[in-house]
Structures are given as C-alpha cells and as structure tokens.
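Data block below; observations after.
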Amino acid sequence: MFATAGRLAGKRLFEIRQIFAQSHHQLQARSSAFRFFSTALNYHIDSPDNNPHVPFDFTDANKERAKEILSHYPSNYKQSAVIPLLDLAQQQHGGWIPVSAMDAIAKIIEVAPIRVYEVATFYSMFNRTKVGKYHLLVCGTTPCMIRGSREIEESLLKHLGVKRNEVTKDGMFSVGEMECMGCCVNAPMITVADYSKGSEGYTYNYYEDVTPKRVIEIVEMLRKGEAPPVGTQNPLRKKSGPAGGNTTLLGEPKPPPCRDLDAC
Ligand code: FES
C-alpha cells in the first residue's frame, strides 16, 4: 500500500514539476515580446570595467560643482545630495555610474556605500551599465503604448541593430525604456539623453508625436552632429495644442455674469 502511495506521490510531483516548467517556458517566451523592466540590470556583478577597484574621481571642475551642490544642504544632512551627485557622476562618466563612483559619492556624503546603491538602483534614470553617447528612451506607458510606442521601439532597435539596453558597436546609441515622462498629450514620445559632451554639454530632450520613420530621421541627424528640433514633430501641432488648431473655445471667452450694480 505504501509503495502505491509513494508511486502516486512521485507521479503527482512529476506532474507539478512539468506544470512549473511549462509556465516558466511560457513566461520566458512572453518576456521577449512584452515589457517587464525598464532598467538594464537590477543587480551588480563585478566585471573588469565595473568593480570597486576601478578608480573614479570627479574632475576638478566637477569637484567644484559637487561642493556647490553640498552647500545647498545643512552640513549634517550631506546625504541629501546623493541624487544630484549621482547625476553629476553619470554625466561625467559617459552616461553610466560604475560602482566605484557610488563608493566615491558615499565617502563625500559620509554614508555607508549601501545608502548610495539603494538610491541608484531605485531610480531608472541612473544607468548602472554602459549606454551609448545618445541614450534613446522610449516611453512605454499606456498612452504612448496605445499610440504606437512598441512600433517606435522596434523601428529603433531594427535600424540600430541592437537589443534593448545594448550599445551599438560604435558606442553612439543605445535604446532603453522609460515610464511616463509627463508628455502623454503628445504621445508617443521618446527622450534623448545626450552624453556626448560630458557634464558640460549634457542635455535631456523630448521628441514628441514621433513615428517609426521620424525616430530614424532623428537618430541620423544626431549621428551627423545635427540638433533635431525638440518638442512636437507634428507640423500641424503648436506645442501641446490640438493638431490642426483649436476645435473648441474658438471665440473670446465670455466674462462671468455680473449684477448691474448701478441698477441695484
Ligand atoms: S505615457 Fe508616454 S509620456 Fe505619458
């Protein structure tokens, strides 16, 4: 009897394992087609160019900027400067923050390194792996998704011959995903973080109302060192107004009704 029960339990265990394996394969298959994460990496693994022994120091100019940043906070609240200092390190270091930069920042603000790691890993605008000189971020949140952000990302990845968060061989471009950037009115949109000129010339520009064709044109303009016009790419739209002009509120607004005080 015990042998039969054991065989049944073993068979059931085998079936459960099969179900888990199938679900795992289905998830893996789905993960290549669906968006799950906007960050390239959620953990750190030492590599030859990213480990605590790779030296990092702010440039003299950025040391001055760091001092200026710290002066915004009381001397016993230096840790409040962690985000602007991470941002400065990222701009100086070609768009990404190695672990040694986080350690250097921890020393400056006098906290344990983990306090800096936990901030850098929380915010997806901090890149902890290499990005291109131009890091193209496609908004993947619902309004942009409904308006075609997946086609835009596909168009960029295909044109540049990379996967998401991979850098092109010439180091010029990488494509990532960002969540809503507050520009849904002109969806779909991408932003371009330009790290090509270090912290002095860093820009972070929005390109709105983009199409799969227009994003390629933007990429090619950037490649040639040109500056594509930022904002809406729809010639029929002015800033965030309705494309083609107003459809309501066409005349002068009526003033609110008011009693004739003389008649009172
Ligand atoms: S959903 Fe894309 S900017 Fe808001």
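Including glycine, each Cβ sits where the backbone N, Cα and C put it.
Annotated in TrEMBL:
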- CYS139, CYS144, CYS180, CYS184: [2Fe-2S] cluster binding site (BINDING)
- 227-264: region 'Disordered' (REGION)
Might you list, by sequence position, any residue in that chain lying six or more from CYS144 ([2Fe-2S] cluster binding site) with a Cβ less than 8 Å away from its Cβ? VAL138, CYS180, CYS184, ALA187, PRO188, MET189
Given the binding-site residues CYS139, CYS180, CYS184, which one's Cβ is surrounded by the fewest other Cβ atoms within 10 Å? CYS180
How would DSSP class CYS180 ([2Fe-2S] cluster binding site) in three states? coil
Shell list ([2Fe-2S] cluster; ref centroid = CB of CYS139, CYS144, CYS180, CYS184; cutoff 8 A): GLY140, THR141, THR142, PRO143, MET145, SER149, GLU179, MET181, GLY182, CYS183, ALA187, PRO188, MET189
